[in-house]
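Peer 1: Taken from TrEMBL, the feature active site covers A:TYR223, A:HIS231, A:LYS262. According to TrEMBL, the feature domain 'TSEN34 N-terminal' maps to A:18-80. The annotation domain 'tRNA intron endonuclease catalytic' is assigned in TrEMBL to A:195-277.
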Amino acid sequence: MEAELQPQEERSPAPVVGLSLCDSAPLLWRLQDLKAVRSEGLVGALLGSLPRTPRQNVRLGRPLLLLPEEERLLGERGGAAALPAQNQEAAAGELQQRYTEEQQRSFEEQSVLALEDRESALVRAMTSSSGSDPASDEALQHRLLDLEQNFSFPRSALAVQLSTARAGLSHCPEARAFLEADWPIRAQRCPRREARFQVFRDLRGRGFFLTSAGKFGGDFLVYPGDPLRFHAHFIAICLALDESVCLLDVLCAARLGSNVKKTVLLCSPAPDGPVRYTSLQWSGMV
Amino acid sequence: MAAEGVEKTSEDASSSGKVCTRFDLEKETELRFEVEAGEAADQVEMELLTGMAEVFGSELNRNKKYTFGPGSKIAVFTWQGCSVNLYGKPEVAYVSKDTPMLLYLNTHAALEQMRKQAERENERGPRVMVVGPTDVGKSTVCRMLLSYAVRVGRRPTLVELDVGQSGVSVPGTVSALCIERPADVEEGFSVQAPLVYHFGSTTPGTNIKLYNKLTSCLAEVFSQRCEVNRKASVGGCIINTCGWVKGSGYQALVHCASTFQVDVVLVLDHERLYNELKRDLPHFVRVVLLPKSGGVVERSKECRRETRDEKIREYFYGFRGLSFFPFSFEVRFSDVRIYKIGAPSIPDSCLPLGMSQDDTQLKLVPVTPGRDLTYHMLSVSSVDDGDEDARKSIVESPVCGFIVVTNVDTQAQVMKVLSPAPRPLPRHTLLIMDIRFMDMK
Amino acid sequence: MADQNKPESADNFFNEILSPCELFAARSRSHKIPARGQKDFYPDDSEEQKQRLQQRLDEHWSLISEERVERLGNLVKAVWSPSERIVELQTPAGKFWQTMGFSAEGKQFLLPEEALYLMECGNLQVFHQDLPLSIQDGYEAFLSSDSVSLQQYQVFGHLKRLGYVVHRFDPSSEPSPYARQLNLPRSRDRGGRQLKRKRSPSPAPTSSKTAAASQAEEMEEEDKLPESHLVASAAPQTSSSGAAGEVQARTWWPAEVPERQAGQRSAPGSQRWDFSSICFPDLGSAGRLAPLDASLLPGGVTPGVCDVAPWMRRINLRKVKMSPKEEERERRQRRRDVNKDKEVQRCRNWAEYHKLLERRQAKRQGRPAHLWSGEVQPLHDPTRPISTAELLEKISVIKSTDLLEGAARLKGSEEWRICFNVYQPDSVADFKKSNPGKPYARMCVCSFDGPVPDLRVIKQLSFQSGDVPVVYAAVDHGDISFYTFKDFQLPRDIYP
């Protein structure tokens, strides 16, 4: 299977990414998948605590949640596939044994590394204090020997990894049936979702980056480039062409847009093709 | 009304080297004597030698010397005849046959008849209001009737509505006191746990609305007590009133009769008042006209003020300044809230819609402490002002005692007070009185 | 460093597994987050911009790629139990135990959301079938729409990361509407899972007994009190007669306010006193008095017969001095004898007389009695002065309601429920799980895609929450916004 995957990656600029469902939300876990969707201009939203400093909300970490539109876009291009739900009951016994072995091997290797670490520290300390005279050299050798004989690496000092993505020796081995061919159709087709998707696809096709704009009262925030470097220019509000709009809503949106220095776009996909964009601006005439 | 008793003056100063005068009294006569007022005046002692006698309803012990201070006006009455010694120099001393004691005793008998009936029928005993102009001996009649009632085993209640000359507490208050034993010949009724309400002035006219309100409060509390205490209910009450008998004062009397649901009104020496009350009170109220005693003397304004001062002094120092020891300490303005009851009246046209002047008379008005507070009496309210409701109830709540401001330091924001008990004050809500007291002795 | 034992093809696949060497090196890595620089407004396709973007992306990916590496000694070990959807601790809990978890049957447990959060923080390693769970495993195994949904966990994690203490909301721990109506004191040991065990089966019998006993004693004490206490209170009293010569302070009078109940007086049913047989020596109505019955008199008093007549001449007939104003008023008020009135004559006692006066008062003041006798009465009695504000309140027919009005009757909805109790971060220091106190807020989690809670829901949840505000956490994919619906009282400018 892996062999099949590799050539596919070479062929298409967009590799197939593995989605996993959590409470029916499409989540991306593996770094390569995150990178892949980003390179397609899909931003998503990070949900998890950042491993480096978990207790803050400014920068979050994996997993990455895809918007329904992002998910559908990937699906349409055949660029996404569902990861199997966990827990194909494996030969658990064998895995557990392997896990124990791995741990033991890791412990041994880390012991060696720790000893090396201490030795080099000792050498650094001894040599920097006194030049290189034979007496101190001998003392150093003696000390090193002493260290080697008495060094013990406590089990509690063993560094272990808490894996983010499911991989390697977890209780649910990954190796089999990594990717399945098709992605279940999950998107509920309702006019509103449809309009949103049309707009999303159109704007993305024009090179814009999009994120959700709930806090600005719109459907999408539209960025001219990667949101890491650019401010959003527009607030996109998606409407079907024949949908009537309450004037108050329009005024609210316009007023809000001008307050956050963004242009409000009313976006309506025409039945057969292009999306119509209308900008709203509060003129401030007195 | 000449002195008819046998009078013998002898120099055989028994104990104190004072002049001793002996009086022999026939039955149903009384010896009246007055002790000179003023600070320099001497006390007069009195001793019952033979027979039986009473002072305002309280029996005298034989061979016991009773001491009466300056300004005392005493009548020693005997039903059977007796002889009495006076030591010292009374201002006046004479024996009179002409006393209404028999009428008062008959009044008592009628009231006792009612109590007996109340006891039989499981009803409440007589509620009696004593009215009359000033200086007709209302307080004395009350004292006598109460003492007689106690002597036949009753437990009547004294309701004191005379804000000028309270027999129970300091002036400027109305109060109720349960009477358990006859008045002490020298000290009067023992006052232990009276129910006292703050009025703040010595005349009901300064705030008639408040006066009537407090009357109603007392009536309500008394009625409640009657419900739980059978003896108190049968004992009934004797209500002493102010000497103000016209205009609003008269209306206050009618209000009092109504709110206490009195059964008997005793009018002392005032026919017009008697006729008016007969006209204005419903027929089931017995209005009785009684004479005043010839021994009653009119008191001057000066004399009244002195009595008031004495009463306040008595509150802090005890009878003759001997039994209590007051405390003096500083109270920070920030620790207390001082109020006056009743806002100054304003023209009706300036009042907000739907509000009448009456409402302002019961309002609590905060008083900013200042130098003019000095010497004022303050009542310590038994409730503290919390919310609006609590503030409303302060007016209608009893007080737990009084303090006098002896000094005000506006810089340090403290006042020095004379207090019956050591600090701290039990409550922080204080009500200011118009009455001032200078602790001169 | 790739694992030598594995086939080449697996290399890619397992590339997120760190080698022992990498693990060891991770011990000394930085905990700083690179600062994000100023953003640009327009892409200009310049090399400089591209470079900056690349740099930012590199930074971003290195941050995102970082794996959690912890010393084994710092990790609390736990086991996932899928059937009970709960995580059981295997090694002693850490500091987090103060605000999270519960114990039962001598074991320590974490709720799935708590376990997942601690996994993300690098404090907890959860095993299943003796193999560690990845964060991804945790998300997929712990979260589901029928226990804790992903959105709820997002809100939970968001608040936890900010330092709040977040507990699941248990509706049964809130007082029922009935209990609230009675204003019963909140019993603390209701609903708390861990507390049920602690509750002792038998209430202490001694305390109630002594309470009763002391009450009885108190009552006895009261009986002994002299009757002079108009106010029933057991305050110590001073005897004025005191010990001889001992000078003492007067205490404050018992400051107990008598309770006032209105209208409990039992009015006597009939006229009781027959004053024809009860003889007062009334100077107003002449007559000789009958000899006194000795049983009415104090002992030792033996009076003669009393004749009123001689006193009648001596009564004060003096005309009262009155000012012109007083005279004027007197003239105006020249009333008839109240007793000439037939109705007054029929009154046998004060109670009946008061009733009559009340009736007349009502008539006199233009208050037709019939308007007030029925069930439907006028809005306001004009004889009763009230403030402008009160009057306006009275005559406003359409009343404004508050959020809780009628909420007691509403049934809970399936769709909307309060998820979490939230306690402020500064309470953590002395936070007790057994007695957490009043929450700072309660959290209801909802989705941006879903409907807005309607008034019914808002009422019902507010009522359920009592005096703790309900906050609605609206989850828009990665963003969480918090909203509250509060009662707003329109200000009224009335100066009474």
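Glycine too: its Cβ is placed from the backbone N, Cα and C atoms.
Given the structure is predicted, the values throughout are model-derived calculations rather than measurements.
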Peer 1: Return the residue, from the listed active-site residues A:HIS231, A:LYS262, with the maximum count of other C-beta atoms within 10 angstroms of its C-beta.
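Peer 2: Per the Cβ count within 10 Å, the most buried is A:LYS262.
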Peer 1: Just to confirm: which same-chain residues, 6+ apart in sequence, have a Cβ under 8 Å from the Cβ of A:TYR223 (active site)?
Peer 2: A:PHE208, A:PHE209, A:LEU210, A:THR211, A:PHE230, A:HIS231, A:ALA232, A:HIS233
Peer 1: Could you give me three numbers for the domain 'tRNA intron endonuclease catalytic' (A:195-277), the DSSP helix, strand and coil residue counts?
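Peer 2: Across the domain 'tRNA intron endonuclease catalytic' (A:195-277), DSSP assigns the residues as follows: 27 helix, 24 strand, 32 coil.
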Peer 1: Short of 8 angstroms on C-beta distance to chain C, which of the listed active-site residues (A:TYR223, A:HIS231, A:LYS262) are there?
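Peer 2: Of A:TYR223, A:HIS231, A:LYS262, the entries that lie near chain C are A:HIS231.
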Peer 1: Go ahead and report the DSSP secondary structure tallies for the domain 'TSEN34 N-terminal' (A:18-80): helix first, then strand, then coil.
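Peer 2: Taking the domain 'TSEN34 N-terminal' (A:18-80) as a whole: 18 helix, 20 strand, 25 coil.
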Peer 1: Roughly where does the domain 'TSEN34 N-terminal' (A:18-80) sit in mean pLDDT, to the nearest integer?
Peer 2: 89
